[in-house]
Amino acid sequence: MTDAFPATAPKLGLYPVVDSVEWIARLLEAGVRTIQLRIKDCEDHEVEDVVREAIALGKQYRARLFINDYWRLAIKYHAYGVHLGQEDLDVADLAAIREAGLRLGLSTHDDAELDRALALRPSYIALGHIYPTQTKDMPSAPQGVVELKRHLTRLQDMPTVAIGGISLARVPEVLATGVGSIAVVSAITQAADWRAATQQLLSLVENGIEPAKAM
Ligand SMILES: Cc1ncc(COP(=O)(O)OP(=O)(O)O)c(N)n1
Ligand SMILES: Cc1ncsc1CCOP(=O)(O)O
Ligand SMILES: [Mg+2]
């Protein structure tokens, strides 16, 4: 059996996914403790400064900062973790990520992808997209909360994250599935008042989550 990736918190809580150091800084200041830097379609050298700064901020706030896609830079600057999709798995050096001590989060959309992800023993598994989303072109249909709940039955001892089209109003029905974390982009970045939206999301999603013993 393959070695497991390092553990993360059993429940990751509110998990904003953002595309700049400015967003990382303001959300960490607002109390977010799980966050992802997601900048699409750049070469490593184009994003290196941003990734390095984001990782430094994550450490300053003792936050769980995941780098999407740029796993080489995440290793180079000792990020808390990396988030990879199924296509990324075909090219990333998973052994190097694990040996560097980084946590690994994986995207899944269906049972076959869940099988593949579980076999890799990642730190968390993300399930999506739950609802229609304007933020990313998705080739598949939204899975909805009934399918999410069915998938979660296979993930009893695995930290889980739901993503895709999750608005403040939809949070209660997503949380009712038992998922441990809610990842959002537009619910924060497109909100009329991002600070108020973040506080409302934090109190809904993190109410009742015990502080993790380890990061
Ligand atoms: C928490 C979380 N879940 C899923 C994704 C999507 O990742 P991926 O499939 O690699 O697609 P891109 O984000 O790279 O377009 C995510 N980023 N975060
Ligand atoms: C990156 C990603 N992966 C699956 S859905 C999605 C976008 C989620 O954005 P939003 O929360 O605005 O729907
Ligand atoms: Mg990706």
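Including glycine, each Cβ sits where the backbone N, Cα and C put it.
A quick note: this is a predicted structure, and the numbers were derived from the prediction, not measured.
Here is what TrEMBL says about this protein:
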BINDING   GLN36, LEU37, ARG38, ILE39, LYS40, ASN68, SER107, LYS136  4-amino-2-methyl-5-(diphosphooxymethyl)pyrimidine binding site
BINDING   ASP69, ASP88  Mg(2+) binding site
DOMAIN    19-188  domain 'Thiamine phosphate synthase/TenI'
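Feature annotations (TrEMBL) mapped to structure.
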residue: GLN36; record: 4-amino-2-methyl-5-(diphosphooxymethyl)pyrimidine binding site; DSSP class: strand
residue: ASN68; record: 4-amino-2-methyl-5-(diphosphooxymethyl)pyrimidine binding site; DSSP class: strand
residue: ASP88; record: Mg(2+) binding site; DSSP class: helix
residue: SER107; record: 4-amino-2-methyl-5-(diphosphooxymethyl)pyrimidine binding site; DSSP class: strand
residue: LYS136; record: 4-amino-2-methyl-5-(diphosphooxymethyl)pyrimidine binding site; DSSP class: coil
Residues satisfying Cβ distance under 8 Å from LYS40 (4-amino-2-methyl-5-(diphosphooxymethyl)pyrimidine binding site), sequence separation of at least 6: ASP19, ASP69
Lowest local Cβ density among ASP69, ASP88, which the record lists as binding-site residues, within 10 Å: ASP88
Candidate with the highest Cβ count within 10 Å, taken from the binding-site residues ARG38, LYS136: ARG38
Across the domain 'Thiamine phosphate synthase/TenI' (19-188), average pLDDT on the 0 to 100 scale: 97
Cα separation, ASP88 (Mg(2+) binding site) to ARG38 (4-amino-2-methyl-5-(diphosphooxymethyl)pyrimidine binding site) (Å, whole number): 14
Nearest-integer angstrom distance between the alpha carbons (Cα) of SER107 (4-amino-2-methyl-5-(diphosphooxymethyl)pyrimidine binding site) and ASP88 (Mg(2+) binding site): 10
